[in-house]
Amino acid sequence: MGSPGLRPELLLPQVLPLLLALLHVLPSQGFPGSGDSPLEDDGVWYSHSLYKDTPWCSPIKVKYGDVYCRAPPGGYYKTALGTRCDIRCRKGYELHGSSQLICQSNKRWSDKVICKQKRCPTLTMPANGGFKCVDGAYFNSRCEYYCSPGYTLKGERTVTCMDNKAWSGRPASCVDLEPPRIKCPSVKERIAEPNKLTVRVSWESPEGRDTADGILTDVILKGLPPGSNFPEGDHKIEYTVYDRAENKGTCKFRVKVRVRRCGKLNAPENGYMKCSSDGDNYGATCEFSCIGGYELQGSPARVCQSNLAWSGTEPSCAAMNVNVGVRTAAALLDQFYEKRRLLIVSTPTARNLLYRLQLGMLQQAQCGLDLRHVTVVELVGVFPTLIGRIRAKIMPPALALQLRLLLRIPLYSFSMVVVDKHGMDKERYVSLVTPMALFNLIDTFPLRKEEMILQAEMGQTCNV
């Protein structure tokens with residue numbers, strides 16, 4: 001057994017007071033790894049620098065960042081008390097916390113730091129479109145814009161979240177640049193209706209369609225609308241539609257109208273021609289008449305037929321041949337029905353002054369009489385020496401007497417009677433009448449108004 005003086009249980013009471021005194025004497029020196037801050041006491045020769053090369057704080061590791069530490073002067077360990085560390089985040093990450101950490105006496109660094117991935121502002125969803133991103137709005141995420149059908153992308157299609165937390169390029173938008181679609185109908189050539197120069201043409205109005213939102217704001221038609229009567233010729237029809245973006249779509253087509261024609265007819269010599277419609281188109285009717293003193297021979301009217309040939313025969317105007325050999329006055333008047341007007345001048349003797357003066361005035365106004373289809377009939381004398389004369393033709397005394405009796409013309413005095421084309425007694429005179437007064441009367445007759453229009457078209461006039 002060993003010496004009793006070396007037994008531990010015997011030495012402990014003697015050593016313990018010495019250890020306590022030692023701890024009391026050196027409180028400013030600290031203990032490596034204790035975390036206690038040393039006291040700066042000039043009276044103690046132990047210096048803080050004694051522990052400057054002793055690991056103190058835990059090593060720093062920053063995810064997605066780099067740490068650059070500087071140990072206290074003369075030190076080696078970069079976790080010693082007083083070590084300063086600069087923190088830098090890698091590209092695309094940003095520092096949250098202090099950019100410089102100091103190893104403190106409490107064995108803790110002066111701050112907690114973290115490198116977080118940078119994030120760009122959330123992109124605005126474009127109207128009528130959208131976008132798709134690889135990694136949301138984080139750094140280096142790539143987003144691609146797209147547009148709904150009918151819309152066109154305006155701006156950059158692809159943007160990337162950059163290191164400055166901004167997106168590359170400007171935000172894109174979706175605009176309606178595509179014009180609306182419209183399809184016009186196909187209208188075949190049309191033939192004008194009978195006796196007309198037009199034809200009614202109808203079609204279904206085209207319906208436009210917008211490729212974007214399907215909404216059209218306006219439809220404009222240039223040309224005649226469907227259901228109109230189109231005249232002969234080539235007609236351009238144009239439809240224009242607009243969408244809400246003011247894009248326009250247009251379609252065009254033509255309506256061609258053809259008039260079937262028989263060829264122009266001419267008025268007969270010494271006659272008139274009055275035609276309906278355009279005068280030679282399918283269904284047109286041409287009516288013919290002759291000037292005073294002439295009779296119509298041939299067809300009084302001709303029609304342009306579907307085979308483009310005129311009906312009837314070609315008319316002509318022949319000088320009127322009055323038959324004075326008829327047996328009755330009525331038969332004589334029938335020859336003038338709807339052809340001529342009559343001015344019957346009756347006198348008991350050729351020496352009658354009123355008769356002679358009146359006949360002289362009528363001879364000077366012969367053009368006006370012919371223009372108004374007036375035939376002068378002279379009844380001179382008293383039966384049985386009565387003479388009836390129509391220009392160069394002499395009627396029998398008995399026929400002349402019948403005419404006086406039929407029209408109730410006085411036998412023994414000067415008298416004049418105006419008879420219209422329907423055989424009606426229109427006016428009587430017992431004294432002289434000027435040609436102008438006579439013409440003014442005749443010009444009021446219903447048939448005369450139509451004649452005046454035709455004569456004006458033909459250029460037939462007189463100075464009286």
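Just so it is clear, glycine is given a Cβ too, placed from its N, Cα and C backbone atoms.
Noted in Swiss-Prot for the protein shown:
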type: DISULFID; residues: C57-C85; note: disulfide bond
type: DISULFID; residues: C69-C103; note: disulfide bond
type: DISULFID; residues: C89-C115; note: disulfide bond
type: DISULFID; residues: C120-C161; note: disulfide bond
type: DISULFID; residues: C147-C174; note: disulfide bond
type: DISULFID; residues: C262-C304; note: disulfide bond
type: DISULFID; residues: C290-C317; note: disulfide bond
type: DOMAIN; residues: 57-117; note: domain 'Sushi 1'
type: DOMAIN; residues: 118-176; note: domain 'Sushi 2'
type: DOMAIN; residues: 177-259; note: domain 'HYR'
type: DOMAIN; residues: 260-319; note: domain 'Sushi 3'
type: CARBOHYD; residues: S34; note: O-linked glycosylation site
type: SIGNAL; residues: 1-30; note: signal peptide
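Residue density at C262 (disulfide bond): 22 other Cβ atoms are found within 10 A of its Cβ, drawing on all protein chains shown. By a simple count of nearby Cβ atoms, those within 10 Å, the most crowded of the disulfide-bonded residues C57, C69, C147, C304 is C304.
Mapped onto DSSP classes, the domain 'HYR' (177-259) shows 0 helix, 41 strand, 42 coil. Calculated from their C-alpha atoms, the gap between C69 (disulfide bond) and C85 (disulfide bond) amounts to 4 Å.
Residues within less than 8 Å, Cβ to Cβ, of C89 (disulfide bond) and separated from it by at least 6 positions along the same chain comprise V62, Y64, G65, D66, L95, C115. With DSSP states grouped into helix (H, G, I), strand (E, B) and coil, the domain 'Sushi 3' (260-319) comes out at 0 helix, 26 strand, 34 coil.
In this structure, the CA atom of C85 (disulfide bond) is 112 Å away from the CA atom of C262 (disulfide bond). Residues in the domain 'Sushi 2' (118-176) partition by DSSP class (helix H, G, I; strand E, B; coil) as 0 helix, 24 strand, 35 coil. Comparing local CB density within 10 A for the disulfide-bonded residues C103, C120, C174, the maximum falls on C103. A separation of roughly 36 Å, to the nearest angstrom, links the Cα atoms of C103 (disulfide bond) and C161 (disulfide bond).
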